[in-house]
Amino acid sequence: MLLPAPALRRALLSRPWTGAGLRWKHTSSLKVANEPVLAFTQGSPERDALQKALKDLKGRMEAIPCVVGDEEVWTSDVQYQVSPFNHGHKVAKFCYADKSLLNKAIEAALAARKEWDLKPIADRAQIFLKAADMLSGPRRAEILAKTMVGQGKTVIQAEIDAAAELIDFFRFNAKYAVELEGQQPISVPPSTNSTVYRGLEGFVAAISPFNFTAIGGNLAGAPALMGNVVLWKPSDTAMLASYAVYRILREAGLPPNIIQFVPADGPLFGDTVTSSEHLCGINFTGSVPTFKHLWKQVAQNLDRFHTFPRLAGECGGKNFHFVHRSADVESVVSGTLRSAFEYGGQKCSACSRLYVPHSLWPQIKGRLLEEHSRIKVGDPAEDFGTFFSAVIDAKSFARIKKWLEHARSSPSLTILAGGKCDDSVGYFVEPCIVESKDPQEPIMKEEIFGPVLSVYVYPDDKYKETLQLVDSTTSYGLTGAVFSQDKDVVQEATKVLRNAAGNFYINDKSTGSIVGQQPFGGARASGTNDKPGGPHYILRWTSPQVIKETHKPLGDWSYAYMQ
């Protein structure tokens, strides 16, 4: 693990060099590994701890304030977060920050910025490493239970998100930040050159989604690690878990005012931060229309900013599984069911369109329907046999229901399985498989963000044309997968689909990226592809300064050729 902060700091500040043209030597290294995903088998200690945490949350509502300037603040605009699978259970009571409070948060953040930016990276890294250790150990059951109850995740989906991925973000970002300090320019005597990785000048607005607790922690945490101050607007439907992450960071040693925790109405928050002259960045995950609107607001206000704001955004996708006739059928079926229906299809990377060759369709269809009948949808807190639970809220339920009604009425579409909806207790939608005769049907093109898988069956001899179709059908470019045992086909698909997916999988499902292994993100309408989880992501949140110090005075202003 990491050296103690004083020792690491000394190591970072003592980069020896000898001779012309040699780079500074990085004398310290932080070794980290991906957090193991726990199994939660019957009788295991992690399962017992989680069940106790779930029991403690049953019927309970937590009061969550805005936290501005190290002060807990309540406004009159009270909101509630309900459990998706039991909307009669209010899991959190919180309030929206008004414009005045948001401006106060900006002022408090700016007042803390210089001191935080000057803090050695080793000290900042230690805070996030401690938070990761807390999440890995004593706070694991709490964050999992709050993610399950508040966001409707099953135990494994909560585990790979709120525990493993969030822990990995904190640890790997710390590793990358420490190593970045060692990336220095060459020095040629009589001069010494160095780079200082400063935070951005101003504040960063972090706007996080409901579907991953880890994303919220990273959107706010990564800029803070790099010396920035942050206004964090968490999702209304992930408030319970987001506040737990914030509290853990504070308990791990994050000073007050570095991250302001400000639930707020989305448009008001966007208007307020983009009208501030001190905005220096927006770190966003959410919908394409919202990100475009924020981008336009920044452009309209460009003349007032002290610096050009950095915009990083991840906006979803219409992700594909392309199947060649040489594919392994069981791999296709299992991977597609997981990708399309885990967490109710509410992952940015979820498979939403499946392209199958005619020769394999009878076999794949039969296996999909057979396995579909075994999928259990229910209460993940009471029944650990649940594969996925309710969708996040009434708005999402209504949108998905509208798509299912479209599937029933369109002459080009046939519902093969599922598609029933029931919001009497929770926002439940059955996993639905739809076959489309038209590859350009809207259900094959537009993001649904629910448990709906659309299938197009193509002629075997048209696989190259179908690859072109996959590439051109949607405006997105987030994730995709190709299933084939033919290396030539894989090579062809990789070329044709080069820009169709920022995360491209061969004989594997389109979901499940792991920090440090598959940095995540896509281009086109899917976002700015800054690849959180990778070593380059933190560069978005630093403004490097290069310093040259000359050790031999310049004795004469004139040049030799002038003599």
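Cβ from N, Cα, C; glycine included.
Listed in Swiss-Prot for this protein:
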- Glu314: active site, proton acceptor (ACT_SITE)
- Cys348: active site, nucleophile (ACT_SITE)
- Ser208, Lys233, Gly286, Ser287, Val288, Pro289, Thr290, Glu447: NAD(+) binding site (BINDING)
- Ser513: substrate binding site (BINDING)
- Lys31: N6-succinyllysine (MOD_RES)
- Ser44: phosphoserine (MOD_RES)
- Lys52: N6-acetyllysine (MOD_RES)
- Lys93: N6-succinyllysine (MOD_RES)
- Lys99: N6-succinyllysine (MOD_RES)
- Lys99: N6-acetyllysine (MOD_RES)
- Lys130: N6-succinyllysine (MOD_RES)
- Lys130: N6-acetyllysine (MOD_RES)
- Lys347: N6-succinyllysine (MOD_RES)
- Lys395: N6-succinyllysine (MOD_RES)
- Lys531: N6-acetyllysine (MOD_RES)
- Lys552: N6-acetyllysine (MOD_RES)
- Asn211: site 'Transition state stabilizer' (SITE)
- 1-24: transit peptide (TRANSIT)
Checklist entry - Using DSSP, would you call Glu314 (active site, proton acceptor) helix, strand or coil? => result strand
Checklist entry - Among the recorded positions listed here, Lys233, Lys395, which has the most company in the form of other Cβ atoms within 10 Å of its Cβ? => result Lys233
Next on the checklist: What does the structure give for the C-alpha distance between Ser208 (NAD(+) binding site) and Lys347 (N6-succinyllysine)? Integer Å is fine.
Outcome noted: 14
Next on the checklist: Give me the CA-CA distance between Ser513 (substrate binding site) and Lys31 (N6-succinyllysine), in Å, as a whole number.
Outcome noted: 20
Checklist outcome for this item: Row Thr290 (NAD(+) binding site), column other C-beta within 10 angstroms, all chains, value 17
Item to check | Long-range Cβ environment of Gly286 (NAD(+) binding site), under 8 Å and at least 6 residues apart | outcome: Ile207, Pro209, Gly313, Cys315
Next on the checklist: If I take the Cα of Lys99 (N6-succinyllysine) as reference, which of the recorded positions Lys31, Ser44, Ser287, Glu314, Cys348 has the closest Cα?
Outcome noted: Ser287
Item to check | Mapped DSSP class for Lys93 (N6-succinyllysine), helix or strand or coil | outcome: strand
Checklist outcome for this item: Students should find that the Cα atoms of Pro289 (NAD(+) binding site) and Lys31 (N6-succinyllysine) sit apart, in Å rounded to an integer, by 40
Item to check | Alpha-carbon distance [Cys348 (active site, nucleophile); Lys31 (N6-succinyllysine)] in Å | outcome: 30
Next on the checklist: With every protein chain in view, what's the tally of Cβ atoms within 10 Å of the Cβ of Cys348 (active site, nucleophile), excluding that atom itself?
Outcome noted: 26
Item to check | Under 8 Å by Cβ from Lys52 (N6-acetyllysine), counting only residues of that chain that are 6 or more apart | outcome: Ala141
Checklist entry - For Lys347 (N6-succinyllysine) and Glu447 (NAD(+) binding site), what Cα-Cα distance in Å is obtained after rounding to a whole number? => result 11
Checklist entry - Listed recorded positions are Ser44, Lys93, Glu314, Lys531; which of them have CA atoms within 10 A of the CA of Val288 (NAD(+) binding site)? => result Glu314
